[in-house]
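Per Swiss-Prot, the feature domain 'Globin' maps to 1-141. Taken from Swiss-Prot, the feature phosphoserine applies to Ser3, Ser35, Ser102, Ser124 (among others), supported by similarity to another entry. The annotation phosphothreonine is assigned in Swiss-Prot to Thr8, Thr108, Thr134, Thr137. Positions annotated as N6-succinyllysine by Swiss-Prot: Lys11, Lys16, Lys40 (among others). Residues or ranges marked as N6-acetyllysine by Swiss-Prot: Lys16. Swiss-Prot lists His58 with the feature O2 binding site, giving sequence analysis as the kind of evidence. The heme b binding site annotation in Swiss-Prot covers His87.
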Amino acid sequence: VLSDNDKTNVKATWSKVGDHASDYVAEALERMFFSFPTTKTYFPHFDLGHGSGQVKAHGKKVGEALTQAVGHLDDLPSALSALSDLHAHKLRVDPVNFKLLSHCLLVTLSSHQPTEFTPEVHASLDKFLSNVSTVLTSKYR
């Protein structure tokens, strides 16, 4: 559960991410594909090379979903219901991949926002991304 302080940290950090969300997520996806090659199996039709337009487009989709989630911190299940259905029933993504992408996104955010990325902010963002992952995998059961 996100505390009020966590919510403040997440909103403040995401507001600083701003228009860079899609770029940061695309970078995190590239990092994930490189660091965890098994994640590539869900994207057989993508060019996964550095700077790929397909990875950037997917980064934009994920960035928009995270921005929507930040706007609905008190009701993530409703805000992410359609995405949860998609990932559980159509795409059938292994739930561990959400954790891997979350980790790569934290690394990416810390590299772009080193001053703002305090231990407290790190913990808040980690909790937020964990909650998003939990919601996205909730319909797997």
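A Cβ is built for glycine as well, from the same backbone N, Cα and C atoms used for every other residue.
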(message) I need the most crowded of these modified residues: Ser3, Ser124. Count other C-beta atoms within 10 angstroms of each C-beta and give me the top one.
(response) Ser124
(request) State the Cα to Cα distance, in Å, between Thr8 (phosphothreonine) and Ser35 (phosphoserine), rounded to an integer. (result) 31
(request) Take the domain 'Globin' (1-141) and average the pLDDT across it for me. (result) 94
(request) Could you check what DSSP calls Ser3 (phosphoserine) once collapsed to helix, strand or coil? (result) coil
(request) Could you work out which of the modified residues (Ser102, Thr134) has its C-beta surrounded by the smallest number of other C-beta atoms within 10 A? (result) Thr134
(message) Can you give me the Cα-Cα distance between His58 (O2 binding site) and Lys40 (N6-succinyllysine) in Å, rounded to a whole number?
(response) 13
(request) Between Ser3 (phosphoserine) and Ser124 (phosphoserine), find the distance joining the two CA atoms and give it rounded to the nearest Å. (result) 9
(message) Restricting to the chain of Ser35 (phosphoserine) and a gap of 6 or more, list residues whose Cβ falls under 8 Å of its Cβ, or answer none.
(response) Leu100, Cys104
